[in-house]
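Written below as structure tokens is the structure these notes are about.
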Amino acid sequence: MNKIKSMLSVYFIAGSQDCRHLPGEPTENLLTILQRALEAGITCFQFREKGEQSLACDLQLKRRLALKCLQLCRQFQVPFIVNDDVELALSIQADGIHVGQKDTAVETILRNTRNKPIIGLSINTLAQALANKDRQDIDYFGVGPIFPTNSKADHSPLVGMNFIRQIRQLGIDKPCVAIGGIKEESAAILRRLGADGVAVISAISHSVNIANTVKTLAQK
């Protein structure tokens, strides 16, 4: 459990669709941003190629990009997680898979894997947290969205920062990473409320100084 908690500290999520604000090719922009984030000390990366302007419809290009991201993460010994796409995760031997409440069922993932990957599950209600708190096949909860976010058009209702405290007050000790509209100034507060780490997209992908951003996000 401690290894998972450490992994969640500064959890970067991105796909090419999150890098279109920069000049040049979005896939190359993603690789550049990821390399800088790895050099700065992120503790986990989730490849999330979803939504408008993503490569979701070009499976070959998506796989090639995922492999390049995986190779970068391997160089820095940082876990590489794939968002929902079980087939992709298994074919490139990703370290883990993250799923939402409406995504691929955890049981389906386990039926298709020989060696259990790291599995993360998105949580948006206390009922969901209680229902899954004792499941050994789920390694961590992604809790949110904490704040409004533009990175996901169909996000669940906001839960707010105090939701993390409520989870801990129920005696749930499952590793938790807070997600959704998190900025640098919120990270330390969320940790004090009980989060093991923060997951961000725009805070890093839009940062003008990734090294400083990662350093601030890691502060306790």
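Numbers here mean position along the shown chain, with the first residue as 1.
Heads up, the Cβ atoms here are built off N, Cα and C, so glycines get one too.
Taken from Swiss-Prot, the feature 4-amino-2-methyl-5-(diphosphooxymethyl)pyrimidine binding site covers Gln46, Phe47, Arg48, Glu49, Lys50, Asn83, Ser122, Lys152, and the record attributes it to sequence analysis. Cβ contacts within 10 Å of Glu49 (4-amino-2-methyl-5-(diphosphooxymethyl)pyrimidine binding site), excluding its own Cβ and spanning all protein chains shown: 27.
When Cβ atoms from all protein chains are considered, those within 10 Å of Asp103 (Mg(2+) binding site) total 17, not counting its own. The DSSP secondary structure for Asp103 (Mg(2+) binding site) is coil. Residues or ranges marked as Mg(2+) binding site by Swiss-Prot on the basis of sequence analysis: Asp84, Asp103.
The two recorded residues, Ser122 (4-amino-2-methyl-5-(diphosphooxymethyl)pyrimidine binding site) and Asp103 (Mg(2+) binding site), show a Cα separation of 10 Å. Comparing local CB density within 10 A for the binding-site residues Gln46, Asn83, Ser122, the maximum falls on Gln46.
Working note on the binding-site residues Arg48, Lys50: by count of other C-beta atoms within 10 Å of each C-beta, Arg48 ranks first.
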